[in-house]
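Peer 1: Shown below is the structure under consideration.
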Amino acid sequence: MQNKCKHRQLCAAPARHELSLCLCLCRAEDSAMENIVTEKKAEESHRQDSADLLVFILLLTLTILTIWLFKHRRCRFLHETGLAMIYGLLVGVVLRYAIHVPSDMNNVTLSCNVNASPATLLVNVSGKFYEYTLKGEISGSEINDIQDNEMLRKVTFDPEVFFNILLPPIIFHAGYSLKRRHFFRNLGSILAYAFVGTVVSCFIIGLFMYGCVLLMKQIGHLGGDFFFTDCLFFGAIVSATDPVTVLAIFNELQVDADLYALLFGESVLNDAVALVLSSSIVAYQPEGDNTHTFEAMAMLKSFGVFLGVFSGSFALGVATGVVTALISFTFTKLRELPLLETALFFLMSWSTFLLAEACGFTGVVAVLFCGMTQAHYTFNNLSPESQDRTKQLFELLNFLAENFIFSYMGLTLFTFHNHVFNPIFIVGAFLAVFLGRAANIYPLSFLNKITSNFQHMMMFAGLRGAMTFALSIRDTATYARQMMFSTTLLVVFFTVWICGGGTTPMLSCQKIRVGVDSDQENFVSIGPDGVEMRSTKQESAWLFRIWYNFDHNYLKPILTHSGPPLTATLPACCGPLARCLTSPQAYENEGQLKDSDSDLILNDGDISLAYGDITVSTDATGAHTSGTPVGGVAVNSDEALDRELAFSDHELVIRGTRLVLPMDDSEHPLPLDSHRHKNETMSLVS
């Protein structure tokens, strides 16, 4: 492009210095015009980005208002996640077919023969170098669409936004809000569903989908490479369940606490297992030219990657949680500034995810166990104001992130440019997901003696959601991954709308109790034949018993201000070390306990809280005494813990110095005095 020079007389002068001055002035004018054009483009891009974000904010606002309307009208046939997806679909249709941004005439398509796609491209235009970054491969038929509607490109987020910004608060909130009492009581069943069940589901889906791929090859309906490892990868990502819709309805209806714990615990852990499993499948690389053949050493290597990544992420998450607890335990003056205390807690929690990803581990696993560790230790060291703030903060972030992701799911159905919809693959995927879920639930439920109505409810509640979508959108570069992503969207839509909307009728059909207090033990449910049955196997929890005693006597006194002083639990030879590590608050609180899910042990007849040489107990009259327990911790701690796990209807809740003992006259698991009435309340005078 040539610019006319306004200094023609000067340029026509024969003197050399005058000609040089002319060239300098022309270049200065070109540079000034280029700066104006660049600033104008930057301003237009800023306005476009603001409009795109405004679209999502309006989507969330509309979703929140509709949620209020649904809750006011008590409508449960559609949850807010399904509603957010519908709104996203409508906005996607409008952006795709109703709004067309005029094409930029400066977009030029040039041909260049290179062997690989460079991530950064330097272009020499008339001696000036310009930098361009790779956005991704597109088909030739979509070049005009990309030039015509820039908004569609703008609303397509970088997949790393989901992993680094949206997923951490969702996963952390799951671990931070976990009810540990019900979780640990059903720990064996939850671990079986999360680990064994997810792996079984992955291979069942992978084998079934590989059969569909072979069928598609035979009839000529396959337009690219699709290997067995791709099928296993698809099985791993769709095995991640996310029953957020079902659990929200469960919470609203107050469904049986053990059923809630089984579904919640499985969904929390199997998200992490599915992520690590998919990474292990990607790491499967046999030696030689054909990288998609079976090789035992490569299989063992992938299994080693799975164990290494999961255990490393677990250790990193727990370590970060412990470090945060130590910081809050050491800097006690920080409690005087709740804002700084909450900010530090928030940053340490979020940095766990990023640290794990930077170290080559999995941030989802790390931040999950960090949340559980923070809830168990750090929460006790926070000031009351910070405790409320952290709970509300992560609950808010979880709500916004989940609804944003579900809105974006609906949006991407029309805005994503590389969809591959194959009817055979889609039908096969729905059948495979059903078979994989059945292979996960029914055999393991039979081994764990879960009642049939709970089995059917868990089978029905196997929804796919945020984690499945995030794993599928992370890589859409190949034909196989594009087909997986398109099919995954349809699976998520179906499970959220149909299974999520049918939760209430399914509860009624299976005669599962509702209106139950989640803070109490409710392990008796009505079976399909109308007979009351135990909902879960009452596990021995021997590993948890060992951990409970060690944590109660040593870890909590070191990491928190609650629990017995170390001077009472450590041997006498460790007296100086115990006095150094014990905080003054521990001595002040040795007659009290912080509110916890599993800290209280019931003893025969009386209520006994044992702290080394000091025992605070109550008799039938409500008076409290102090004494020395047998063994220094608790009398018959194994039997007492078994009773606590088995009969937590009679669980104690301590807040300050007030004991609340809810009791049920219809059951007498412990030999308590017969004259105590239901919901009797006793008070301790400190």
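Just so it is clear, glycine is given a Cβ too, placed from its N, Cα and C backbone atoms.
On a predicted model such as this, the values are computed, not experimentally measured, just so you know.
According to TrEMBL:
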- 63-508: domain 'Cation/H+ exchanger transmembrane' (DOMAIN)
- 667-686: region 'Disordered' (REGION)
- 53-70: transmembrane segment (TRANSMEM)
- 82-99: transmembrane segment (TRANSMEM)
- 161-178: transmembrane segment (TRANSMEM)
- 190-211: transmembrane segment (TRANSMEM)
- 226-250: transmembrane segment (TRANSMEM)
- 304-331: transmembrane segment (TRANSMEM)
- 343-376: transmembrane segment (TRANSMEM)
- 423-442: transmembrane segment (TRANSMEM)
- 454-473: transmembrane segment (TRANSMEM)
- 485-507: transmembrane segment (TRANSMEM)
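Walk me through where these features lie, including what they touch and how far apart they are.
Peer 2: Residues 264-265, 267-268, 271-272, 349-350, 353-354, 357, 363-364, 367-372, 374-375, 390-391, 394-395, 397-398, 401-402, 404-405, 466-467, 469-470, 473-474 of the same chain sit 6 or more residues outside the transmembrane segment (161-178) yet have a Cβ under 8 Å from a Cβ within it.
Counting residues 6+ beyond its ends, the transmembrane segment (343-376) has Cβ neighbours under 8 Å at 163-164, 167-169, 171-178, 180, 268-269, 271-272, 275-276, 279, 309-310, 312-314, 316-318, 320-325, 327-328, 334, 382, 386, 390, 393, 467 in the same chain.
Residues 76-79, 81-82, 85, 234, 237-238, 243, 245-246, 249-250, 253, 255, 406, 409, 412-413, 416, 419-422, 425-426, 429-430, 433, 456-457, 460-465, 468-469, 472-473, 476, 514 of the same chain lie 6+ residues outside the transmembrane segment (485-507) yet bring a C-beta within less than 8 angstroms of a C-beta in it.
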Peer 1: Answer yes if the transmembrane segment (454-473) and the transmembrane segment (226-250) have at least three CB pairs under 8 Å among residue pairs 6 or more apart in sequence, and no otherwise.
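Peer 2: Yes, the stretches contact each other.
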Peer 1: Short question: most Cβ pairs under 8 Å with the transmembrane segment (190-211), which of 53-70, 226-250, 304-331, 423-442?
Peer 2: 423-442
